[in-house]
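I have placed the structure first, in the form of structure tokens, so that the comments after it can refer back to it.
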């Protein structure tokens, strides 16, 4: 009866948990904005890391004397081999720590080496990145160094004289104790005794004698199982230069992790959150090799503290928005560059531009504030009014209309341009939609895949509600002749300012051209006037000359009296 009741309770809990999961997923809503070719997925809750919790784990070692067992039994040989591996693991850790704390060494040298290695192994990709993107990439790698700063500080203190003995003394009668280190920091310490107890009480009494009383293979198997943790810890620290992430089950078993979470100075809601998401917690945790001495291996475990939980989070997806009515190769494109995760945080917004650094579990978003930017709440205006005057929205521009698709939480944005064929398909019905040129959106209702050219995208199958908000594509508001291209880290205001500069330059050019034309026209008028004046003067001179000539010809001839008398006499004489 009790068993039946227990099964019913478990079933009820499972059904309740399952229904809660479905309800949470159904609370996801997605808004697609046609005007900016972007989509916002809402309905998520935050789990933001705001601090670190450090603890020290110790593994007590055994003094293994040179065994005198001379048996040639196969079980004894296996035991000897396993003891040799045990000794080699301890020697490897001692060698790793012989100069200085591995964590301190890694913090000073390992991170630059990691960057150097990453540069070489990603040379092709790295060469394509712009200067600003290179700085962000390097900043992310260097962020590892700052992330482990608190753990490194504790690790360095453990090397001081007497610190390990202080921890050992505190753990004499208990497996856990809070120890105040010499730097004033109090840490929770714990010890692992399984291996030491087995070696001291079970194994060594059997092999450190002449008759080698190992009667069955179970002894060998049990030792191998218990020894495996030490071997794996040594391997992880050796391969990773003393710093490992994520936190493996060898560094901290699930029961040890849950116990440590329960001891953390956080609220019950935070403990519940971490306990129900141990895999995410492991991914965001570190283990730092510290010291091997006084028959103790000590290392620091650094766990995240999620100081901000249950505030709303949303994810912005963006895709290129291009003109489609111009000739091929003459279109212009605009893309929002503010994609990533956003979470409300104490009256402002924490923005995580590298969305992949956040881990999503159901509707919970686990992010590290070390990777965030703090923005005002006005940043939300970019979704509904990208031209708003309160917040300058971030964009990039280009003149390359490349087709692509962006998979969202419950759908897909499709940017389809040129002669590329873009379709949405159902696995049973085949192609159910063909996209025309431009930016479009499709929800996952009845859609399994999206195809853009030869690239196939699988949509997510989460439950949710999609909203299609229509609007004139903002790229159509811009003149291709003055649109600035290849602005990779710009904003609406900066792009508009460059356009205004271009327009002002064109206006100034027109004015100069007009002034030149006016000058030419004035010169022509003056020359014409002078010519006319000259012609008029010449005509006037000609007229005066003619008038004088005519006047001269029309004057009568006056004869003297003598001449007149002569004429008369001649007449009478005849």
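Each Cβ is built from the backbone N, Cα and C atoms, and glycine gets one as well.
Just so it is clear, the model here is predicted, and its values are computed rather than measured.
Pulled from Swiss-Prot:
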- 76-96: coiled coil (COILED)
- 158-209: coiled coil (COILED)
- 481-516: coiled coil (COILED)
- 313-343: disulfide bond (DISULFID)
- 322-333: disulfide bond (DISULFID)
- 358-367: disulfide bond (DISULFID)
- 382-393: disulfide bond (DISULFID)
- 416-422: disulfide bond (DISULFID)
- 27: N-linked glycosylation site (CARBOHYD)
- 120: N-linked glycosylation site (CARBOHYD)
- 500: N-linked glycosylation site (CARBOHYD)
- 550: S-palmitoyl cysteine (LIPID)
- 551-574: topological domain 'Cytoplasmic' (TOPO_DOM)
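Positions of Swiss-Prot features highlighted on the structure.
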residue	record	DSSP (3 states)
27	N-linked glycosylation site	coil
313	disulfide bond	strand
322	disulfide bond	strand
358	disulfide bond	coil
367	disulfide bond	strand
382	disulfide bond	helix
393	disulfide bond	coil
416	disulfide bond	strand
422	disulfide bond	strand
550	S-palmitoyl cysteine	helix
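When Cβ-Cβ distances below 8 Å are used as the criterion, the coiled coil (76-96) is approached by residues 61, 64, 67, 69, 102, 199, 203, 207, 212, 214, 219-220, 223-224, 227, 230-231, 233-235, 237-238, 242, 289, 292, 297 of the same chain, each at least six residues removed from its ends. Reported as a whole number, the C-alpha separation between residue 27 (N-linked glycosylation site) and residue 393 (disulfide bond) equals 28 Å.
Summarising model confidence by region, the coiled coil (76-96) averages a pLDDT of 85. Closest by Cα distance to the residue listed as 'S-palmitoyl cysteine', from the disulfide-bonded residues 333, 358, 367, 422, is 333. Looking only at the recorded positions 322, 382, 500, the one with its C-alpha closest to residue 313 (disulfide bond) is 382. In this view, residue 416 (disulfide bond) is surrounded by 24 other Cβ atoms within 10 Å of its Cβ, with every protein chain counted. Per Cα geometry, 367 is the residue among the recorded positions 322, 333, 367, 382, 500 nearest to residue 343 (disulfide bond).
Ranked by CA distance from residue 333 (disulfide bond), the recorded positions 367, 382, 393, 416, 500 have 416 at the top as the closest.
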